[in-house]
Amino acid sequence: MAGWRSRLASHVAAELSTARGAVRQLAQRADRRATEAKRAASRAMDTAREKQAALTSTHRAEVDRITAKAESDIDNAVAELTEVTARLSAPCADAEWSRWTPAPVDRSLAAPLLRVGSLAIGSADAETQRPPALVGLMDHSHLRIAGAAEAALPSVLLRAIGCAEPGACRLTVYDPERLGGSLAGFAPLAPAGLLSFVGPHGLSDMLDEHVEHIRRINATVLAGDHASLRELAETTGRRPEPWRLLVLLGAEMDDWTKDQRAQLTRIRRTGVACGVHLIVVGTDAADDANTLSLDTTSTTLAGQAPVRLDPAPPSALITGTCRRIAEVYAAGPQPTRLSDLIPETLWTKSSACELSVPLGEGSDGRLADIVLGDNPPHALIGGPSGSGKTNLIYSWLGALTARYHPDELALYMLDFKEGVSFARFAGGRRDPSWLPHVRLVGVNINDDREFGLALLRYLRQELRRRAEAAKRHEATKLEELRAVDPQGRWPRIMAVIDEFQVLLDGRDSVAAEAVALLEDLARRGRSQGIHLVLASQDVAGIEALWGRPSLIAQFTLRIALPKARRLLAEANNLAEEIPRYHAVVNSDSGVTQANRVVRLPNASDRAVWDPLQEKLWRQRPADNDSPLLFDGDHVPVLPERIELPTTDPTPVAVLGKAIDVSSRAATLRLTRTPGRNLAILGTRTTEACDVLAGAALSVARTTDVRVTICCLDPDAAAHAYRLAWACEAAGSTVDWQDKLDEVVTAWEEQPTDRPHLVLLYAVDAAGSSLTTAGRNALRSMLLTGPERRVHTFGWWRSVPRLREDLGGYAARFDAIDAWVALDVQGPELAPLSPQPGGPAWYPRTRRGLFFDRAVHRQAEVLIPYDTESVLPTVDNMLTGSPADEH
Ligand SMILES: Nc1ncnc2c1ncn2[C@@H]1O[C@H](COP(=O)(O)OP(=O)(O)OP(=O)(O)O)[C@@H](O)[C@H]1O
């Protein structure tokens, strides 16, 4: 038994041991696998961890990148917004009140939006880098300010008045509770009429007044041509009406009457287009599209973006700004601009019927025209010194010359004042350009009334020429003449005479002739296109015209500058009331009903005038000559050559420059007839020497002459020597004599093959030293010399001394055909003059009165030429010979 059992046992044991071994092996294998699996799992975990770490950092980087981009985009957008909004609110939108100053916007632009704070967006810390929070007001909308944001009101108002020209923004504050407490800083505007406070009792009137204002603007300013004042400004560059801000503080609108609410609704609906803007602070009744809102943290324009309001402006800033604005405004409105009167295209108008141009801005904000034609034909301008007459003339001329071609308009400008206000039209060293329409400019002519007379005579001649042409063509007025004679040059003529009363001064022949000519021109010039424009600062001057009813009646166009007196009709006092730089333009002889107030541009400023003149000058026609300039202060130099109207060979002596429109020389023809001598009368040595030298030299330069010189005044000797030299240099034979006796006896011995000039300086100095025979010989030379070609040019220092030399009381003056009087009074010239009592002559420096019996009915005024610079100097004479000069 034991055997099998033991064998079984050992078999089982063996089996067990095998199984155990197998199990062990299995267990070891499983162990190994588990270890391997664990390792693999651990590796996988490690890998997964690594991957996750990598992913996380990529994600983080991506998130960072996106965040950075978003932030930069936001900042860029904010910067862009800041820039755009800053532009919209420029120019006086500085966030810092310490840097803020008023900066009025150009009149042709819409008003800017107004800054009230900043938008709390973007990353910038600095207030200035944040976009401004804006509200619209002038030219944009009405504004509603929530009660809690009332502190923003001073800032809105200050910025509003700061971006308008002084006076162009006016405030009315309805403040039933506090009467202006919060706006006390704006009080300096009140005395200038730029701010008014209204209490409950004034509400209806205030609303009515604003509604009426809107109605007037719609009817007369916009007048259907423009939708709003903003559009008017943008298209025309003009802003004729101020903005009116109507501030309603704590208004209980529910308690208002029906009428008051209706008026407010009208203002809401139509005010913005007419520059009337509401600022309602506190509870507001309606919500409409014309109104923007401002709260403590938002504005309509900012949308969802949170708003941070600016601090209130310091009260000193408000008061100071308002005071300055009020001062500038009180000083008077700024003038309109000359450029407003200038059309884009030059010279497009015809003057056939009239001259019609804008002169300035009328009270309706439109350009006001001024017309000269058949009616009104002539203008009278008046105003005290400094009231702007010259400036008005410039404005008028600027508008005229830009519209009418120089073939359509010719200007003759005369200024009797001491000054050169018209000289700029003639061109000069500083500015070579001239105004192409101007044919003649006279300046500094206050002592030379003869020049005014000369112009009037010239115009009368032109009037005759026109009248004859009209008659030939069976035309009755310029318009018809131009229609039937289209090739003819018939410009309208405008003659402007500033301080014309000088011409009418006194009771002499000049004044009498001037009045007669003015009357004739005024009466007949109307239909022939000749227009007179007379200006005066002097009431007496204007009054001088009132004394001549037929003359003043022709001047139906009256232009009165501020404080002009006696220019308009008796009861018409408007000129007393208008502010400076304005004029009353009245084309019906000054009757009140025809008054128009015109605001004038600043045209006298050279910076404004010169570019216009330069532009016109560059376009001038090829045959346009510079205007003739007559300057009373200028002493003309003896010209090298003088154009004479005749070509006959008779010697002609040039005595001076005539005071007339053509600038001709005053001459004396030396024919072989008795009396062709010249006497120069007076004590002014220089001028007498100049007349003698001019006369002798002008003959010597053109004719082969013999010259005898005798100088009895030591002060004139140097001049006489120099003249002798110059005559010799011109080819003359010159004989110098120290004694008058010798001259008067020797003349007959000279051959008569050529003219002989005897130049006697200070003849009367010979006095008693001249023997009786000598005196007779002198008379004989004077009487009979010219027939033998001997012409005496003698200088006597007084008329009695000449008379003495000619034979005392019984003297005959027929040996002296021609004379030039210097400082000799008119009555003294009676014996030499055809006028009983002598000519009306008041001696004045550098002027002589010239009479030639052969040609004159009346003596004429001349300006002795300066010969100083045409004669050789003493140094020249010492170092050269006359032949060198020749
Ligand atoms: N519309 C205007 N805008 C700006 N400045 C003006 C205007 N009108 C006149 N002025 C200025 O006022 C001053 C006086 O003007 P202006 O010389 O034209 O006056 P006036 O009446 O001719 O004076 P006077 O008779 O003394 O010559 C000048 O400095 C001129 O520039």
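Yeah, the Cβs are placed from backbone N, Cα and C, and that goes for glycine too.
Per TrEMBL, the features are as follows:
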type: BINDING; residues: Gly383, Pro384, Ser385, Gly386, Ser387, Gly388, Lys389, Thr390; note: ATP binding site
type: COMPBIAS; residues: 29-39; note: compositional bias 'Basic and acidic residues'
type: DOMAIN; residues: 365-570; note: domain 'FtsK'
type: REGION; residues: 29-59; note: region 'Disordered'
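Screening the binding-site residues Pro384, Gly386, Gly388 for a C-beta under 6 A from any atom of ligand 1 leaves Gly386, Gly388. The ATP site is set by Gly383, Pro384, Ser385, Gly386, Ser387, Gly388, Lys389, Thr390; from the centre of their CB atoms, other residues of the chain with a CB within 8 Å are Gln537, Leu561. Cβ neighbour count within 10 Å across all protein chains ranks Ser387 highest among the binding-site residues Ser385, Ser387, Thr390. Helix first, then strand, then coil: DSSP counts for the compositional bias 'Basic and acidic residues' (29-39) stand at 11 helix, 0 strand, 0 coil. The number of other CB atoms found within 10 A of the CB of Gly388 (ATP binding site), across every protein chain shown, is 23.
Look at the Cβ of each of the binding-site residues Gly383, Gly386 and count the other Cβ atoms within 10 Å; the largest number goes with Gly383. Listed in sequence order, the residues of the same chain lying 6 or more apart from Lys389 (ATP binding site) and placing their CB within less than 8 Å of its CB are Ile381, Gly382, Gly383, Asp498, Ala535, Gln537, Leu561. For the domain 'FtsK' (365-570), the model's pLDDT averages out at 91. Counting only same-chain residues six or more apart in sequence, the Cβ atoms lying under 8 angstroms from the Cβ of Pro384 (ATP binding site) belong to Gln537, Leu561, Lys563, Ala564.
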